Amino acid sequence: MSLYLILNFASFIVPFAYSFEKKMNFIKWRKPVFLSLFIVAFFFIIWDIIFTKMGVWGFNPNYHVNLLIFGIPLEEILFFICIPYASIFTHYAVGYFFPKLQLSKKATNYITISLFILSVVVLILNTDKWYTFINLLVFTGLLAYSFINKNTILQKFYITFLVILIPFFIVNGILTGSFIENEVVWYNNNENLGIRLFTIPIEDTFYAFSMLFANLILIEKFKVKFNKK
């Protein structure tokens, strides 16, 4: 079993097992959760395939199985299901055990506007860097959607994302070369800001935020839809 496959499996198995815990009973939302995961994964996988072909990033064959799908390893595709599931479970688990833990609307709007302005400035100044540009374009688009539609998810997600960042730095750190001889995933620094958090490109935090936030938006919409049936 490859290192990348082990990371995917290890990240997924514990949250999935606890999804059947009777009190929280997260598994009851399996339809909206997995439908959202597959929809978001579809778009992020297309993005991944394109960037891999462009040489924005790539994969070390020593750490993944030999099965490539449209030029990316099987493990990379599984990543978009396993990691978001674990992260989404964490978000809802924190919300379940700490139901009052959320930001005020005013604080949330302040953070959203600040992040939006900062990201737009960085985006405009780095149109020649594909990862930075597309990443922040998606990020600012989601923030704008949330602000315009008065979405309340960010009141909790800004907090839970800080919790999610702990395992994120461990898993993504290993993928980018922390604790091992070579990186599992390499990045072309000509296409990013060249700023690393340990071994992780800073863009990866915005990438993760966008991927998870997109899932949460869809999950909440599908929960309402399925409840009407």
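Every residue, even glycine, has its Cβ placed from backbone N, Cα and C.
Quick look at what TrEMBL lists:
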DOMAIN    3-91  domain 'Lycopene cyclase'
DOMAIN    128-222  domain 'Lycopene cyclase'
TRANSMEM  6-21  transmembrane segment
TRANSMEM  33-57  transmembrane segment
TRANSMEM  77-98  transmembrane segment
TRANSMEM  107-124  transmembrane segment
TRANSMEM  130-148  transmembrane segment
TRANSMEM  157-180  transmembrane segment
TRANSMEM  200-219  transmembrane segment
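Taking H, G and I as helix, E and B as strand and the rest as coil, DSSP gives the domain 'Lycopene cyclase' (128-222) the counts 65 helix, 7 strand, 23 coil. Same-chain residues lying 6+ beyond the ends of the transmembrane segment (33-57) with a Cβ under 8 Å from its Cβ atoms: 26, 70-72, 76-77, 80-81, 84-85, 88, 130-131, 134, 185-188, 191, 211, 214-216, 218-219, 222.
The domain 'Lycopene cyclase' (3-91): residue composition by secondary structure is 66 helix, 7 strand, 16 coil, according to DSSP.
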